[in-house]
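Feature annotation from TrEMBL assigns region 'Disordered' to 1-23. The annotation transmembrane segment is assigned in TrEMBL to 45-67, 73-95, 169-195, 233-265. The domain 'Palmitoyltransferase DHHC' annotation in TrEMBL covers 126-274.
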């Protein structure tokens, strides 16, 4: 199988000579089955590398140095966290999050048609996807990276190289939770050993293999199965580097975990959160520009007539510049033309850097805060 022979599969429309002219490419896009589909994302490779490094350093170097019974506790807590993370991570990557109608077709080997905006205003329009050729629910979005409709779309995670939706969201959540707990315990273990090395090094040399070591500056790693001698300096240097790595990882994981706990408490998806934030930003821009704010039936100000949003026809996905056309008349046109189009212009610039779009019944998504992408707005 040639993993690197294929180019990135996108659903973005190809451009002709004019800004809105679309041409049919020679080869249509294929859909990704799951996160194991080639090519792997660089974040995915980095994530597995960090996981392997922490497992080797934790279980091979530092946890064996802990005195009993702390070593048994550290083995148990860290081992459970790392095993749960491995299982749920593999599950989140392996599961196909596509909408049920897409999975039923089992046609991932067949190319999808190219989206032509001359025929339809959106990939998903009136709850029908014109690329997957299926009727969908309101929460279904078409991801151009995976090139298929995702059931209850949350975001596209670069660390998993897969979309996160109804089928694998809880696996994704447990993956983040277990990673946070595992990294936290490992960080506490290494900090304890780092401090004890200076205050009471004898408490770290309780293993029987240290009886044959004459010099106090010589330490043993990979106990008890394959003891290897190393210097005190090497032990501290690796500890310092690992503390820096685990601290950075922990900050990102806590941010991401807290963000998704917030979403769960508010019964929102990452996509919903981004759309809400954009509307709030557009409302603030309207106020700053002096446009009047309307009120709903409950007297809440700052509403931007969400029912009017489908009438906006924006060419942000088709051109380097954003042009917005409102089919309605009156003050709505002037009010939207400023802040709304500015927001789309900002999104277009960031999207073109990634060369990917997400098509749905609402505005496209951005990178997710917390995914590094994280903050993976993981798109």
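FYI, residue positions are counted from 1 along the chain as it appears here.
For all residues, glycine too, the Cβ spot is worked out from N, Cα and C.
Comparison of 45-67, 169-195, 233-265 by number of C-beta pairs under 8 angstroms to the transmembrane segment (73-95) places 169-195 first. Counting residues per DSSP class in helix, strand and coil order gives 79 helix, 24 strand, 46 coil for the domain 'Palmitoyltransferase DHHC' (126-274).
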